[in-house]
Amino acid sequence: MLGLGKKDITLFAVVAVLALFAPFILNPFPAGSSLAQFNAGYPDLMQRFVIFGIFAIGFNILFGLTGYLSFGHAAFLGAGSYSAVWMFKLLSMNVIPAILLSMIVAGLFAVVIGYVSLRRSGIYFSILTLAFAQMSYNLAYSVLTPITNGETGLQVTLDDPRVLGQTATADGGIPVTNLFGLEMRHFTTLELGPWQFQFSVGYYLCAIIMLISFYLAIRIFRSPFGMMLRAVKSNQQRMFYTGLNARPYTLAAFVISGMYAGLAGGLMASMDPLAGAERMQWTASGEVVLMTILGGAGTLIGPVLGAGFIKYFENIFSKINDQILHGWVAWLPDGLEDLVVALIHPFVGKGWHLTLGLMFMLIVIFLPGGLVEGGQRIARSLRRRKSTDDGKSASTEPAE
Amino acid sequence: MDAVILQILNGLDKGSAYALIALGLTLIFGTLGVVNFAHGALFMIGAFCAVTLNRLLSLSHQVVDETQKDFLGNPLKVDVPYVNDIFGEATGSAIIDWSVPLAILFSIPVMILIGVIMERGLIKHFYRRPHADQILVTFGLAIVLQEIIKQIYGANPIPTPAPDAFTGSFDFGVLLGFDPNAVIYPYWRLIYFAFAAVIIGAVFAFLQFTTFGMVVRAGMADRETVGLLGINIDRKFTIMFGLAAAVAGLAGVMYAPINSPNYHMGMDFLVLSFVVVVVGGMGSLPGAVAAGFLLGVLESFASMNEVKAILPGIDQIIIYLVAIIILLTRPRGLMGRKGVMED
C-alpha cells in the first residue's frame, strides 16, 4: 500500500494514530486534579512536538543516513521562519504560500551552504556548517536588520500591505494566520466528565504535514537513493572506486533536510507569526542533534520520539518547583523531606538543562542507538528469555 | 597609523585567549585523537577558580570596632577577613587584592585534577568510538559543567578585579613617537598577552626539550610503535590531557579581570576556538597558536569604523568568513599535517 512494506505500514499507522489522537493521549489526567500539570495536551505544546518532529526527521535524513554531522541546521529553520513572516506581511495571512516560500528559501540556502560545506567531511564539515550558521545568526542581528528586524524580531504589524489579504480586520486588529479562512488558533474543547480535550486547527495542520513528511522520509529511507546515502556513511572510498560520485547524493540529502528544517520554521511562524534570530543560534542546532541522537539516529521513528521526549520533559521538568516537590515528599519526616527536596532541586525547574545534559551523556555512553535501541534491547532480551524457556522445556521433556 | 597599532594591540589579548584554548584543544586532539567540546567549559572553570579564590580569601568574620560609631552611636560591626588575622592587615588586604595572580597557583592543581578525572573517567572510553560520538558526549559534558557552575555561582557575571597596581592604562603611543593618549592600552591586557606568550613558550619548550615531551611527540606521530617499545603511552597522554586542561584554566583565570566570568563564557569561546583550530590545521600546535593570533587581530581590525563603513557587518562574520575561505583553499588548514582527520 502506498509503496510501503508491511512493517513500514504498521510503523506509519502507529505514528499516525499517535499524532491524530495526541490530544487524548497527552491528557491522561483530569483537569483540575493535582496531576494536571503533567498534561501536555494543549495546542501550543503539541504543535511544538510535531514541528520539532519534522525538524528532527529532516535532520535524520542527513545525519542518520550519510553520517554528516551538521551543526548549523538551525540556520535553515530561521530562514524558513523569516520568509514565512515576510509572506504574512506582504501577501496574505494564508499559511500555504508562507510554508511553500519558507521551504523554497531554506532549500536555496541549503544548496549554497551544502555546496561549499560538503567539499569537506568529518569534523571539518561540522565546523563549516557551524560557521555558516553563526554567520547567518550574527548577520541577522546586525546588518540584515531591515530584513530581520534585529533583536526585536520580525512581526506582523497593522501597516503591512498584505496584497491579497486585508491589512487590518474590521475591528482594527491584526488579522490572524489562517488556512483559507480557517483560523490557526481556533480550537474546540471537548469535555468528558472531568477531562478536557482541546482540538486546535493549528495542531492538526502541523500533524498532517508531519505525517506527510514522515511518509516521505520512509520512502527516502527505502529508496535506492537512500541506499546510496547509507553507502556514503559506511564507506565513501569504496563508493568512489565503484565509479560513483557521492557528492550529488550528499548534496541532495543536505538540501532535503534543509527544506524539512525550513518547513518546520515556516510552520512555527504560521502558528505564531514572529521570527527571531535566536532560532538560528548554534544551541538551537545542538538541540536538534540531541533529539535525533536521543531517539536514535538512522532509525525512522527515533527522531520523532526524541523530539517529543525532549520537548515534553523540557516543559514538565521546568515547571516543577520546590513547592511541588514538597507536596510530593510530604509523607517523609521533616528533616528528610528537606534533604530530598534539596537533592532534587538542582535538576528541576531552572536546572532542567542539567538533567538534559546528564541524560544526553548517559545516552551517548550507554545507548549510542538512542531510545529505539533501548527498546530493541528490551524486546530482544524478553524474546530470548521466552525462547530459552521454550528450549529448556523442549530439551528437558524427552529426558523425563 | 596609530589606529592600526591600537587595533593590533586590541586583537592580541583576544587572540591570546583563542591561542591558549586552541593550543589545549590541539594538544588533546593530537595526543588522544579526541575532539573535546568541553574545552570551553574548562576555560570557564579556570575563570571561576579566580572567583572562588577571591571569595575564599575574602571570607570574614564580624568584629566590633569601638573607634567607629554608626548613626545611633553604637559601636560599628565591621567584617574582617580571616587572612587579616593571620597575616596582619596590610599583608591581608594585599593578598586579597592580588587574588587573581594567586589564583594561577591555585588553579593549576585544580585544573590538572579535573582534567585527569575527565580523561580517566569519561574520555578514555571514547578513543575507539567515532568522532561524532566524542563530539556529542563532550558537548553533553560541557552542558553539565556549565549548569553546575550556574547552580553554584548564579547566572550573573561576577566582577573579579585585577590588582590595583595594574588597573591603569599604558600609553603605548609615546614609545613609538605618537601623541600622548593616541595609543593607550590597559596594563592587564598587556600582562595577559605576555602571560599567554610565556605559557605557549613553556608548552613548546616542554614538548621540545624534555624526555617526556619527546615521548609524547613520538606518541603523537605513531602511538602503537611507542607502545610496542614498552612505554606506557596512555599514562603520558593522560598527563597531557591534564596539562591541556591547566592551559585552558590558566587562560580563564587571567581572563577573569578582562571580562567578568559568567557561566556561558566557555561556550562563547568554544565555537571560535574550534574555528581557530580548524583554520590552524587539526593537530598542528604552531598552526593553532598562529591562527589564534591571526583571527584575534583580524577580528579587531574588522571592528574599526573605517572598515565597517565599507563592508557593513564584517566585524560579526570575519572569523567565519576567513575560516570558510581557508578551509576551501587549504583543506588541511594553515599548517595541518597530512594524514590527520583525513577521513
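Cβ from N, Cα, C; glycine included.
The transmembrane segment annotation in TrEMBL covers B:16-35 (among others).
Look at TrEMBL and you will find B:42-64 (among others) tagged as transmembrane segment. Beyond its flanks by at least six residues, the transmembrane segment (B:42-64) meets 17, 21, 24, 75-83, 95-96, 99-100, 102-103, 106-107, 110-111, 114-115, 145-146, 149, 153, 158, 160, 245, 248-253, 255-256, 261, 263-267, 269-270 of its own chain at Cβ-Cβ distances under 8 Å.
What TrEMBL lists as transmembrane segment is B:102-123 (among others).
Taking Cβ pairs closer than 8 Å, the transmembrane segment (B:190-216) reaches residues 12-13, 16-17, 19-20, 23, 27, 31, 166, 170, 226, 231, 233, 236-237, 239-240, 243, 247, 250-251, 254-255, 258, 285, 289 in its own chain, all 6 or more past its ends. Per TrEMBL, the feature transmembrane segment maps to B:190-216 (among others).
Per TrEMBL, the feature transmembrane segment maps to B:237-258 (among others).
If you look up TrEMBL, you'll see B:270-297 (among others) marked as transmembrane segment.
Feature annotation from TrEMBL assigns transmembrane segment to B:309-328 (among others). Note on the transmembrane segment (B:309-328): residues 272, 275, 278-279, 295, 298-299, 301-303, 334 of its chain, located 6 or more positions outside it, place their CB under 8 angstroms from a CB of the stretch.
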Six or more residues beyond either end and a Cβ under 8 Å away: which residues meet both conditions relative to the transmembrane segment (B:16-35)? 42-43, 119, 123, 126-127, 131, 134-135, 138, 192-193, 195-197, 199-200, 203, 216, 219-220, 237, 240-241, 243-245, 247-248, 250-251, 255, 269-270, 272-274, 276-277, 280, 282-285, 287-289, 291-293, 295-296, 340
